[in-house]
């Protein structure tokens, strides 16, 4: 009988952010604004890179990949949040939940790896400028990007398969606003230690290793910058890397807090806040941070808006 009950869960119910009508309207408008900003900002970045030859460099190639990830990452989660916020029916099918979790994990891991690749690109550009064009060629750029996407989607298959093979017999109510592993683990009537070990291994290999590689790149970058005699050169180099460091700090910090902590520290309310930072806020801020801090990009935008011929 227990086995029958365990297989009867065909839908989950996402509890969402709030049941208070006034707060629901505020959340709907806020998330709609952030989602619109995410789509428009990242699409603008991709279009500008595609249209203008001066932006078709390795750095902007990786930025375009990051923008594509952010659009897909946000689109995997935010439309469902908007729908659940204004609807009384907050159900999501078993397959829909698995699909959402699969793409969320894959795109989240891809962002980690692309951020590490971008740090490596900046390391070569600043620490080995004379060898930059030789090392960071088109073939390497394509290989690094393709490798990041492939590893992320293969890794996600493992977690999605492990998670949705679990028996769910405690409840079908997910105390979260989208399908994520920690809240799903709490609904299982089976010990999830194997799943949690898989999360720690995956998090260590992808998130933590990416963070360490990024950190090592910036240790060398900062060391090289500090050894520069020219104050103008130092300022320009720090400006180039500052935006990337801001994004890295916010994204890796929230990801590692979410997935690389003991089970005893899980808190539904705190988890929702942390998840909003890396699933909604970071994809919105990425194009803003990179475009505002980058003179090449802002110059291209100004010329495009003023319809000045671009050469």
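Even glycines carry a Cβ here, placed using N, Cα and C.
Curation does not apply to TrEMBL; its annotations are automatic.
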Transmembrane segment per TrEMBL - which of 83-101, 102-120:
102-120
Stated TrEMBL location of transmembrane segment, expressed as one of 2-24, 25-47:
25-47
Determine whether the transmembrane segment (59-82) and the transmembrane segment (197-216) share at least three Cβ pairs under 8 Å, counting only pairs 6 or more apart in sequence.
no
Same-chain residue ranges lying at least 6 outside the transmembrane segment (25-47) that approach it to Cβ under 8 Å:
17-18, 63-64, 67-68, 70-71, 74-75, 78-79, 81-82, 85-86, 280-281, 283-284, 286-288, 290-291, 297, 301
Looking at the stretches 102-120, 197-216, 272-292, which one shares the most CB pairs under 8 Å with the transmembrane segment (140-162)?
102-120
Using a Cβ cut-off under 8 Å, which residues of the same chain at least 6 positions beyond either end of the transmembrane segment (272-292) come close to it?
17, 31, 34-35, 37-38, 41-42, 44-45, 63, 66-67, 70-71, 73-74, 77-78, 104, 108, 176-178, 180, 243-244, 246-247, 250-251, 254-255, 257-258, 298, 301
Confidence summary (mean pLDDT) of the domain 'G-protein coupled receptors family 1 profile' (41-290):
85
